[in-house]
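Below is one structure, written out as structure tokens; comments come after it.
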Amino acid sequence: MLWAWTLALIAGLGFAYYPTFLWLEQTWRNEADYSHGYLGVPLAIVLLWLRWESFPGIRRGVDWRGLWLLGIAIAMRVAGRLAYMDFMDGWSLVPMVAGVVWLLFGWQATRWAAPAILFLVVLVPLPYRAETMLSWKLQGMATLLSTTMLRILGQPAIAEGHTLWIGESHFMIEQACSGLRIFVGVFAIAYFWAVTANRSWIDRVVLMLAAAPMAILVNALRITITCILYQWFESPAAHKTIHDSMGYLMIPAAALLMWLVNVYWQRLYRPVEVYNPSERLQKTVQSV
């Protein structure tokens with residue numbers, strides 16, 4: 001009976017959110033900064049699989065307390081439609097999914113699935129104003145940092161707004177090169193590792209805090225290497241190949257840096273093992 005209700009609710013939600021899913025897929029397909037959206041649901045499922053050993057089980061019967069989360073999701077959808085805020089409609093997926101899980105499987109199962117449900121936020125584009133402001137700030141930081149790196153490497157680099165000059169050559173750091181895609185991607189990687197790490201909450205916070213500087217650093221490195229390679233290979237075809245190749249390498253490079261941060265932090269700060277004196281005494285007596 002429970003599975004019948006589950007399938008019915010999934011079918012109903014799929015029908016109700018069909019326009020939202022179409023909008024999300026169109027955004028992922030047409031905007032490079034949000035192309036990671038295709039990986040959101042598979043990675044959320046991987047999170048559940050990695051946490052499967054701690055699954056608390058399913059509550060018998062329906063837990064009607066989940067209805068208040070469904071009410072919040074419906075209110076968010078109505079507000080999003082009335083105010084023409086598509087992102088609000090997308091964000092309502094989080095309380096909607098959480099409410100369904102709570103309703104059918106209970107509060108303990110909802111707590112267990114919460115990290116994966118929250119991860120669904122990466123499916124939804126940022127509000128336009130927030131996206132524009134963040135892109136502008138990231139453009140400025142990427143320009144200044146890459147200019148500094150080029151000067152360290154002996155290049156006569158000068159920053160002028162979001163334009164980078166090296167001698168007579170100039171390179172525009174456009175909004176598409178602001179690093180917003182890598183910024184969101186690195187936060188997703190950091191969140192994924194923080195949830196799956198068997199460490200204290202402090203270690204998880206450190207991983208999340210390291211995401212922003214890692215994203216900015218990787219984007220600045222990409223711009224620096226691209227500018228140098230542009231001077232070595234001057235043909236338009238080579239420039240396109242270099243630009244596209246460096247873009248593809250950003251996420252793996254960021255993942256590698258985040259992995260190094262994770263390894264370094266684990267070696268630097270190891271959890272203290274707590275010993276129970278009575279248990280050690282019992283083991284000693286048994287061995288004797």
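From the backbone N, Cα and C atoms, a Cβ is placed for every residue, glycine too.
Not measured: the values here are computed from a predicted model.
As annotated by TrEMBL, transmembrane segment applies to 35-52 (among others).
Sequence annotations record features per position, and here TrEMBL assigns transmembrane segment to 64-84 (among others). Beyond the ends of the transmembrane segment (64-84), by six or more residues, the same chain brings 91-96, 98-104, 107, 110 to within a C-beta distance below 8 angstroms of the stretch.
Marked as transmembrane segment by TrEMBL: 90-107 (among others). Tertiary neighbourhood of the transmembrane segment (90-107): same-chain residues 2, 5-6, 9-10, 13, 17, 20, 23-24, 58-59, 62-70, 72-74, 76-77, 80, 113-114, 117-118, 120-121, 123-125, selected by CB-CB distance under 8 Å and a gap of 6+ residues from either end.
When Cβ-Cβ distances below 8 Å are used as the criterion, the transmembrane segment (112-128) is approached by residues 24, 27, 31, 33-34, 36-37, 40-41, 43-45, 47-48, 51, 54-56, 85-87, 90-91, 93-94, 97-98, 101, 134, 184, 188, 191-192, 195 of the same chain, each at least six residues removed from its ends. TrEMBL lists 112-128 (among others) with the feature transmembrane segment.
According to TrEMBL, the transmembrane segment annotation covers 172-194 (among others).
Tertiary proximity for the transmembrane segment (206-233) is limited to same-chain residues at least six positions away from its ends with a CB under 8 Å from its CB atoms, namely 138, 141-143, 145-146, 149-150, 153, 155, 157, 164, 166, 169, 171, 173, 177-179, 182-183, 185-187, 189-191, 193-194, 197, 239, 242-243, 246-247, 249-250, 253-254, 257-258, 261-262, 265. Positions annotated as transmembrane segment by TrEMBL: 206-233 (among others).
TrEMBL lists 245-265 (among others) with the feature transmembrane segment.
Within its own chain, the transmembrane segment (245-265) is flanked in space by residues 181-182, 185-186, 189-190, 193, 197, 203, 206-207, 210-211, 214-215, 217-219, 221-222, 225-226, which lie at least six positions past its ends and keep a Cβ under 8 Å from the stretch.
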